[in-house]
Amino acid sequence: MKIVGITGGIGSGKSTVCRIFEMLGVPVYRADDRARWLCNHHAGIQQKVNALLGPDAYMNGEYNRTWIGQKAFHDRLLLQALNQIIHPVVANDFVYWSAAFQQYPFVMKEAAILFESGANVQVDCVITVTAPIDLRLQRVMKRDTLSEGQVRARMQNQWSDELKIGKSQFVIHCDETQLVIPQVLNVYQSLIGEVDRSF
């Protein structure tokens, strides 16, 4: 079984691309969604986050995402400390998850900061999803009701598309000028071909 990483900046269209792969029968592990769940349910994460940030980190037992985000996205050292708590747990969770899909030709691990977190070491190849910054800003401001400044602060903590593309085997453009489904189908066929050749 191959492990395919799928990444892209905030608002690039990763979720859309992942849904298409899922429709093709590919299991997709959404690392960002899973990290949110683990922050609320993993005792080790809760203890360490409380020790790092104090009692305001959890409100009524729930990870105080908005409050933590406001602090972390403007403090690179704090963000790194949080990532060092959360990312190893997510990496282990992915290993357990992927064990259930050994009979599949490949599975996908979707993560916005696949390279930045070092999670790319868990994958055999990478797909980067790209879109122009202006379009990404519009998407995220509308989706998350954030200001432009808040979105740009999050973008600053992610690698540029150029850096990601340079380390990726495939690129999918989700820029509203190119059809996404044919691009996904092309990548899917290439991945299936690679798996077939490896046997």
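Cβ coordinates come from backbone N, Cα and C, glycine included.
Taken from TrEMBL, the feature ATP binding site applies to Gly11, Ser12, Gly13, Lys14, Ser15, Thr16. For Ser12 (ATP binding site), the same-chain residues lying six or more positions away in sequence with a CB closer than 8 A to its CB are Val129, Thr130, Ala131, Arg136, Asp161, Cys174.
Over all protein chains present, the Cβ of Thr16 (ATP binding site) has 14 other Cβ atoms lying within 10 Å. Neighbour density for Ser15 (ATP binding site): within 10 A of its CB lie 17 other CB atoms from the protein chains shown. For Gly13 (ATP binding site), the same-chain residues lying six or more positions away in sequence with a CB closer than 8 A to its CB are Val129, Ala131, Arg139, Ile172, Cys174, Val180.
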